[in-house]
Amino acid sequence: MTSVLGIALLTFALSGSAVAFVPIGGGASTHVTITATALLQKVTETCRVVAEAAGHEFKPTGSSPEELVQACLGPRATGEVSGAKFHSALQDIYTQNGLVDRDFVSSAPHHFNSENFVQGRTLIMEGMAAIKANIVKENFKAARETLGRILHTLQDFYSHSNWVELGNTKPYINLIRPDLSLDNLADINTATCSDCASGTCPNTILPNILSEKKLTSGYMGIFSSDKPQGKCSHGGEADLTSTTHPRGGISKDERRSDNVALHNAAVNIATAASLELLEDLRLAAGNDDYLRMMGIARSAVVCFVIDTTGSMSEDIDAARAVVYEIIDSKKGTQDEPSEYILVPFNDPGFGPMIRTTDPDKMKSEIAKLTADGGGDTPEMCLSGLLLALTGAPSSSYIYVFTDAVAKDIYLKATVIALIRSTKSTVSFFLTTPFKRRRRFTRAANLDVYKELALASGGQAIQVSKKDLPQATGVILDTSTSALVTVIQRARNPGKQETFPFMLDESLKNITIYITGTKIAFTLTNPAGVSSSQGDTIGKLGTLQTVGNLWRIRLNADSLEGNWQLNVNSNQQYTLKVTGQSTITFIYNFVESFEGPHPGYAVLSGRPQAGQPATLMLSVLGRKGPSSMTIGDVALVTVSGPETASNSTTLDMGNGDILVTVDAIPEGEFVVTLEGTDKVSNSKFQRQSTTQMSISKVKIMAVVDSSVRPGESFRIPISVLTQGSGGKYSVNARNDRGFPMSHPDSIILTTGVYTNTSLTITPPADTPSGTDVTLTVEALSDSGVDSNYVVMRFSVLTKITDFIQPVCKLMSVLADACPQDVSQCKPFQWELAANLTDGNGTGIESVALRQGSGNITTTSLSDPFILANYTASCCSQIVEIVAVDKVGNVGKCYHSIVRSAGPPALTMSLTMWLGLLISALVTRF
């Protein structure tokens with residue numbers, strides 16, 4: 001099914017089974033549309049369950065991400081709610097789904113080509129195990145990326161095999177159930193297709209294959225026309241085997257006049273199969289963690305990286321105070337952070353990283369911090385920041401507290417690579433102890449922090465220790481939902497300059513930040529009213545000054561329209577304007593790829609110099625993309641003389657814009673967007689926070705599977721330069737400190753890929769589900785040019801437990817329930833059962849999927865677990881879910897609804913049927 005990156009949220013009806021498809025290229029449904037349909041339907045179902053359990057209605061006011069997230073979060077989501085995290089999570093999945101057609105184009109198992117059924121299912125099962133282990137470890141990005149890949153493979157089964165031609169209308173459950181065998185597979189010597197000279201015959205499967213219900217798939221040859229005698233081909237121009245007898249192909253990727261019914265059936269079953277896989281993952285993860293994986297979250301993640309050396313006592317107190325204030329003031333509101341992360345660093349140690357969604361646990365952890373150790377001035381600041389960047393979700397806000405320069409300055413390039421990869425924003429709070437003042441305040445010592453802050457869209461705030469508590473108001477400003485940047489600029493050296501910017505009707509809590517010394521500025525609103533640095537409480541807002549920071553909070557009645565900020569200083573300075581609004585955008589730089597299913601792939605590193613840049617940009621608004629009109633999209637330099645690049649845009653529909661930029665600015669640049677909000681008829685301006693630049697170097701690397709603990713894993717790497725050839729150094733780092741080996745350098749020839757490899761070996765005791773972030777950089781010997789690639793993969797212990805838990809029904813006591821349901825309220829019924837995982841890994845959790853009663857169990861560590869369920873006779877259905885330690889899921893369903901026949905017990909996975917008067921043992 002044709003893969004197109006960036007076909008974003010479709011206008012689906014988000015209720016129940018209502019599904020719609022958007023034809024792309026000749027009317028075919030794509031992997032993206034199928035995946036989006038399943039993801040949105042499953043998120044909607046999960047949100048509805050969570051809302052009902054919390055006692056409130058789930059009623060989205062529309063189909064936009066914001067409206068779905070608002071409804072899912074419920075009454076607590078009373079403020080501005082952004083759908084950006086949800087949309088970004090979906091894009092992670094769509095992107096990896098599409099990359100299967102580039103990175104594994106000739107891999108038969110990834111597409112169920114060439115009758116690779118066992119191998120294809122193995123990919124799905126290993127992927128599902130990795131996702132479940134990742135979720136347990138809260139490695140949600142790794143889980144999403146794997147999910148995108150295995151959904152592609154699963155969906156291809158229905159397009160590339162003869163499952164539809166065999167008359168099947170439901171998914172092949174065996175593909176996601178390793179305890180069930182793959183039956184009736186055509187062997188290598190069995191002919192399966194008749195010849196089709198035209199290549200467009202409606203059904204070429206041989207009659208005996210159909211009658212015997214033999215399963216086959218088309219052979220695909222990108223480089224060779226060879227295939228076993230009598231076998232079906234995939235078909236299409238890229239398949240060389242389609243010209244070998246028997247000619248033609250059975251692929252249902254595209255909808256053509258000769259295969260409309262088969263294509264539509266394949267799409268429908270592939271969608272249903274995707275829903276089944278997602279349901280298995282939801283049951284294993286639980287509703288809350290499933291929604292976290294999907295980016296349904298209240299607000300930003302707040303991450304603190306704190307120096308704990310001996311002179312940092314006052315700084316730790318200030319950080320602790322602001323954490324307490326965030327928790328106490330925002331708990332229970334829409335602005336409550338969705339997660340807290342704490343990374344301490346000292347010298348020579350740093351970490352561990354502490355992650356929690358529990359505000360009280362965060363209070364407890366930061367209360368434990370004490371100032372001790374250190375000694376020499378430089379500390380391991382960048383090591384702590386690197387740990388935060390790899391552990392925190394993308395687009396996090398990271399706050400670094402230190403009073404010392406970085407000892408590990410060699411990590412700077414890796415930190416910048418991860419800032420660009422994660423699009424996280426890093427701000428530094430830099431204080432100066434008296435004994436270090438002379439050396440620390442030298443500009444050279446601070447440059448690395450200023451550079452990293454500017455690269456991420458953050459700020460480097462220099463302040464005395466006694467004034468630090470006043471500066472931490474920035475953290476309160478940014479630890480909020482729906483935060484957007486209107487404009488950010490930097491000048492070094494400073495000069496007098498006027499910066500125009502536009503405020504729109506949707507913006508709330510607008511704040512202007514200026515950092516620098518010896519600054520004069522004047523702010524002017526659209527009506528010509530002005531305020532300057534001397535106006536603490538001016539006509540336009542309230543001014544606070546601390547250290548090198550000027551913070552202006554505009555009045556709530558600020559006029560929309562064109563504003564100006566005139567800054568006059570001969571010293572280095574930065575300025576930034578932010579606010580809260582649901583109008584925002586997300587973007588990725590992409591490159592096109594060819595092949596049987598061409599599309600666009602997200603760049604891991606910097607865009608290529610000497611050629612147009614392409615980015616996929618998705619616009620989000622209060623009522624979805626249909627409520628927005630897109631104007632100019634440009635790449636704009638942040639520092640130095642301001643130049644903007646011209647671009648052409650192609651509307652991909654539903655708010656997605658394919659942007660092509662012919663001339664890319666020199667140096668660091670950001671993405672800017674202007675448009676009109678149709679809801680308010682107000683023009684808006686937005687800017688990305690993360691700076692980017694171009695490179696003549698390109699690095700390609702793909703991780704094609706999970707990694708086993710204790711086993712060496714080889715990753716092929718290809719490097720190319722369009723600049724000067726010669727010697728390039730190769731630097732690689734992983735966030736887990738796993739042993740690696742790779743060449744220190746390679747020799748590049750201009751315009752030619754040079755192949756090398758890296759080997760990484762996770763220790764044998766690495767926990768299953770551990771994710772690894774690996775950054776590889778190639779740097780020219782002159783130091784003039786470089787590029788990087790960031791890879792993420794999982795360490796997964798080999799799974800040997802594929803069996804679901806087992807249940808023995810002990811008793812059902814429902815005789816007291818009246819036949820007239822209207823009289824049910826005073827009465828209760830009970831159910832008791834024994835649960836066991838046999839010789840498996842053991843049961844990890846037992847929970848209710850349906851039923852409003854209470855369930856209790858004996859210790860889950862017992863070999864046999866007694867489960868007791870008690871409910872009102874008004875709640876007549878119960879469904880119990882049992883999950884073992886590797887994520888095998890079992891469900892059982894029982895109803896006491898009176899019927900004409902005898903009462904029945906239904907087990908949804910194994911057709912558990914029987915009379916309730918007998919003790920029945922069955923699988924969940």
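Quick reminder: no glycine exception, Cβ is built from N, Cα and C everywhere.
Mean predicted confidence for the domain 'VWA7 N-terminal' (65-291): the pLDDT average there is 93. Under the heading domain 'VWA7 N-terminal', TrEMBL lists 65-291.
According to TrEMBL, the feature domain 'Hemicentin-1-like von Willebrand factor A' maps to 302-465.
The feature domain 'Hemicentin/VWA7 galactose-binding' is assigned by TrEMBL to 484-582.
Residues or ranges marked as domain 'VWA7 Ig-like' in TrEMBL: 697-796.
Sequence-distant neighbours of the region 'Disordered' (233-253) (same chain, 6+ residues past either end, Cβ-Cβ under 8 Å): 1-2, 28, 113, 158-162, 164-165, 191, 193-201, 204-205, 217-227, 259, 262-263, 265-266, 595-597. The region 'Disordered' feature in TrEMBL is assigned to 233-253.
According to TrEMBL, the signal peptide annotation covers 1-20.
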Tally of residues which DSSP labels helix, strand or coil - the domain 'VWA7 Ig-like' (697-796): 0 helix, 60 strand, 40 coil
Counts of helix, strand and coil residues, the domain 'Hemicentin/VWA7 galactose-binding' (484-582), according to DSSP: 0 helix, 61 strand, 38 coil
Residues in the region 'Disordered' (233-253) grouped by DSSP into helix, strand and remaining coil: 4 helix, 1 strand, 16 coil
